[in-house]
Amino acid sequence: MQAEEQFSCGVIVVAAGRGERAGQSSEGPKQYRTVGDRPVITHTLDVFATWDGTGPVVVVIHPEDEELFASARKRMGHMLDLTVVHGGATRQLSVLAGLQAIAGAGVKHVMIHDAVRPFFDHALLDRCRAALRNGAGAVLPAVAVADTLKRAQAGGLVAETVPRTDLHAAQTPQCFRLEAILSAHRQAAASGQADFTDDASIAEWAGIPVHLVEGSPDNFKLTLRRDLSMADEKLTRMAIPDVRTGNGYDVHQLVEGDGVTLCGVFIPHDRKLSGHSDADVALHALTDALLATCGAGDIGDHFPPSDPRWKGAPSHIFLEHAARIVRERGGTITHADISLIAEAPKVGPHRQQMRESLSAMLAIAIDRCSVKATTNEKLGFVGRNEGIAAIATATVVYASGGDA
């Protein structure tokens, strides 16, 4: 069996529909309508363009849409080699045209996807690929039906309630062994079977077991005009990054000792910082800054000084805890900045080691970690060498629409 990194799938993107239910538009069928500043089909193709399992790609379009597709292709965010073929009078015939075009491309598996489902992701593609690797001949992503279903009768009356147990809503991409689904499509065409609504139905008809994998609630099909409006709103929201900045401040008293710990780095000195933990004033300030980006309180809420467990504790525990909370809430730490205010010891000789320490604790690149130091010009308690203060700023990007 192929190794996962070598297991690629041919892709057929079905884009030959007319989309009457979405209403007429000067932009053409719904796959060419603009959502999030680009045609729908470009969002769909970009997902495949950035997935590591994408093999040969065939796009099936309507014969009248060549100019529309050529224009849309120029708007793609990523390069993608693809073949364009013309579809038939029905979706079923369009898919058959795509299968026949990809049959000589040297792939054993194929994914068939609706162009008007732009909100699938790599995780869904990975689940489909894993099922194919495990030997499935047909794979269907689907979501369990959550709504109560009613069967209607004449006059707009309810005839019965349909039990929803074991019912699933089918999605795409639907994935198959290429040889098997091509044969099934050819058999269906030869026998005059032309009323299948998806490719999994053809596989079922041909006796191919269809394996379910978890779909995605976001992977909805753009069918009606309101779907296009929802898609535009969703893509617009996704395009605006949720960037948050948190600030933190801390100060600790200097007492007789043999050194101070700043940013997790011990610096020999004739004094030390007094505190319940190791009194790393820099990490305490940065911990508060991270917690502030998601409204998670402050360091005292999570590690109260009255708790003996934290007596003498290394402060990297506090910072890593805050970073974990940020990530659990969908945040990506993009920058950390610390300003130390002290008369002594000199921070400059240790600055690079401090940045390396922060980089390791936060699991971010060192160029995203900044440490600066200044004196207080002999003014105040810092100027009298009675303590060290720290001001920290954390920048975090949260997943748009996520809870924080």
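In case you wondered, yes, glycine gets a Cβ from its N, Cα and C as well.
Residues or ranges marked as region '2-C-methyl-D-erythritol 4-phosphate cytidylyltransferase' by Swiss-Prot: 1-243.
The site 'Transition state stabilizer' annotation in Swiss-Prot covers Arg21 (among others) and is backed by sequence analysis.
Look at Swiss-Prot and you will find Lys30 (among others) tagged as site 'Transition state stabilizer'.
Marked as site 'Positions MEP for the nucleophilic attack' by Swiss-Prot: Arg164 (among others). Under the three-state DSSP scheme, Arg164 (site 'Positions MEP for the nucleophilic attack') falls in the coil class. Around Arg164 (site 'Positions MEP for the nucleophilic attack'), a 10 Å sphere centred on its CB holds 13 further CB atoms from the protein chains shown.
Remark: Lys221 (site 'Positions MEP for the nucleophilic attack') has Asp114, Val116, Arg117, Gln171, Asp227 as non-local neighbours, by Cβ distance under 8 Å and separation of at least 6 in sequence. Summarising the annotation, Swiss-Prot assigns site 'Positions MEP for the nucleophilic attack' to Lys221 (among others) and lists sequence analysis as the type of evidence.
Feature annotation from Swiss-Prot assigns region '2-C-methyl-D-erythritol 2,4-cyclodiphosphate synthase' to 244-404; the stated evidence is sequence analysis.
What Swiss-Prot records for Asp250, His252, His284 is divalent metal cation binding site. There are 27 other CB atoms within 10 A of the CB of His284 (divalent metal cation binding site), with all protein chains counted. Secondary structure at His284 (divalent metal cation binding site), taken from DSSP and collapsed to helix, strand or coil, is helix.
The 4-CDP-2-C-methyl-D-erythritol 2-phosphate binding site feature in Swiss-Prot is assigned to Asp250, Val251, His252, His276, Ser277, Asp298, Ile299, Gly300, Thr374, Thr375, Asn376, Glu377, Phe381, Arg384. Applying an 8 A CB threshold to same-chain residues 6+ apart, the list for Ser277 (4-CDP-2-C-methyl-D-erythritol 2-phosphate binding site) reads Phe303, Trp310, Lys311, Gly312, Ala313, Pro314, Ser315, Phe318. For the recorded site, Ser277 (4-CDP-2-C-methyl-D-erythritol 2-phosphate binding site), the DSSP three-state label reads coil.
Using a 10 Å Cβ-Cβ cutoff, His276 (site 'Transition state stabilizer') registers 15 neighbours. What Swiss-Prot lists as site 'Transition state stabilizer' is His276 (among others), and the listing cites sequence analysis.
Secondary structure at Thr375 (site 'Transition state stabilizer'), as computed by DSSP, is coil. Summarising the annotation, Swiss-Prot assigns site 'Transition state stabilizer' to Thr375 (among others).
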Completion exercise
Lys30 (site 'Transition state stabilizer') sits from Asn376 (4-CDP-2-C-methyl-D-erythritol 2-phosphate binding site) (Cα to Cα, rounded, in Å) at a distance of 63
Handout entry: Fewest other C-beta atoms within 10 angstroms, as judged across Lys30, His252, which are the recorded positions
Key = His252
Exercise for the section: Within 10 Å of each Cβ, count the other Cβ atoms, then let me know which of the recorded positions Thr374, Thr375, Asn376 comes out lowest. Expected result: Thr374
Problem - Cα-Cα distance linking Lys30 (site 'Transition state stabilizer') and Asp250 (divalent metal cation binding site), given in Å to the nearest integer - result: 56
Handout entry: Neighbour tally for Ile299 (4-CDP-2-C-methyl-D-erythritol 2-phosphate binding site), based on other Cβ positions within 10 Å of its Cβ
Key = 25
